[in-house]
């Protein structure tokens, strides 16, 4: 009944096919502002009816949050309601709620919907500024429809008894209701100031919830008064985003019948108002299948969320001639200077490969042109690739561990250049330190006065511009005013990105070792940043819950990826640079399309904040690691979880596929590096249409078969992993002397 409110017949007036739904005898309101309407008897009567229909009593009538389609807004409480103002929400698509008009549509609050509080009597007319953040009082006002507070425990235990006594096949699915109902019923009691009932409700039932909700319940237990709810982000998330449950039609019918027979309106109201039930036809899912997918802040992903087409294939490599002479040792003791990250399989020589059928069009997004130096790098890269070790269960990589000793400044981030010639550390004392890991020292370019003396035509001009007096193994970059949480080298090794608690991302030149740009867009700490595999673009994610896509020559972001319900903790580019993956503290991973900013995949299943992401070199799969110590494997094309690797006992901060994708390496706070058989993990996948449609995933319990090796450090958490061009595994971390 709350979805559409219709006035009694005597107040309805006929309207012609061409007129807007506004009262006759009055001009229609202009598109963006709604001037005050003359007071009339019919207005006050219909307002009373509207209030009664919406079950909102006099003073409780705050702002009502509306869906985007009907983002009209009914003005205020008490005295300001008397002027019968009608305010309009966003744009002309909003439908006016005209007091004394024909029909008003008031829908329930939905995510990302703007809500505006009533305007005081003085401020009449003029456009209404709509905030992006959901208005707190509007969000909370949905809790006004309350039942008898003393019966809440009875309602909940009645439902609990019904579910526990239902058939096994339905019990697992219906048990998903326990947690969201528990939270909403508790918040409803707190909001309506039944504090003692709320406390007893919490104490009686909080022990029944799944273990992976413990952190959320801890936050919830601190909300004991109505005032606490106003500024609490977790609570607002829960209120504004509908909790998604995926249930078979049979189980849903069973639940509906039970609630209607019992006349259990309170629970039925919450189910309709705050939950999104994604119903599928077919067999109900088992406890294992459900447990694999649930655990995120807003339940599972809707099936529609993972239906969009994703071009996960690789872009065609540019063609150019590779000199066939193999005498490329030339006394150089560094590992060449190849460009791209993750070279593609069989990419030796100049043979042109066919276009991958799953690849995006070559010009789908503009990518930077290859410079001559880039082409030279690619030639070196191909020669290195020819000498690469083919890894597998019988041939595991050697691991070289870089330990940061005496890192009293607190090591917070590490990156290694693609040719493994430099390593960078971000530290809690706000410095960025760059080391050369080859005998070749780091040198800055000479001053402008000295450069003008150089003969630009000479063959060794690139050597001559370097100032030997500045040569050293370590360069320290000062500029940030807070801990540095993320670092990333550009593929051509000319630039370095760093992001910090100070809310900025900085771009540093590795020619002059100075800061070129400070990108300001995030207002809060920035947790991660990464360059695109083609350079030029980079992505950042932070505490403000959004990821931003930037280009090095723009000081404003090109795209803002909004949708996560908590901090964006890690970011990764897809190898074809058309997509960006983000991991979040809301326990979900999202895949975003760089072209239009849309979210094309939502992956749920982790039971803790995500801290590492890695795409397979062929672009088909994604590996993710979190505080729950599990590595989950995802098929990007089908949008499905296809594997779970158990073994680590602490947060996984580093994941990396070998250059050909045969081995997946994971590094964790438990001081170990583990190697997994990626080929075996991805073979014989069940990705038929039925599985895709219903999410009946059957994860094999084969973690032990896939684990190829575990390598302990003495007392060094692993924060970064990197495979060299020839498949030597480099790992890095700071020694902790606990």
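Every residue gets a Cβ built from N, Cα and C, even glycine.
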Annotated range (TrEMBL: region 'Disordered') out of 322-376, 377-431, 432-486: 322-376
Region 'Disordered' range according to TrEMBL, out of 1-45, 46-90: 1-45
Distant-in-sequence neighbours of the repeat 'WD' (519-550), which means Cβ under 8 A and at least six residues beyond its ends: 340-342, 367-368, 482, 485-492, 495, 497-507, 556-562, 564-573, 575, 577, 580, 582, 584, 592, 594, 597
Local confidence of the prediction over the domain 'TFIID subunit TAF5 NTD2' (147-275), expressed as mean pLDDT: 83
Secondary structure tally of the repeat 'WD' (404-445) (DSSP, helix then strand then coil): 0 helix, 22 strand, 20 coil
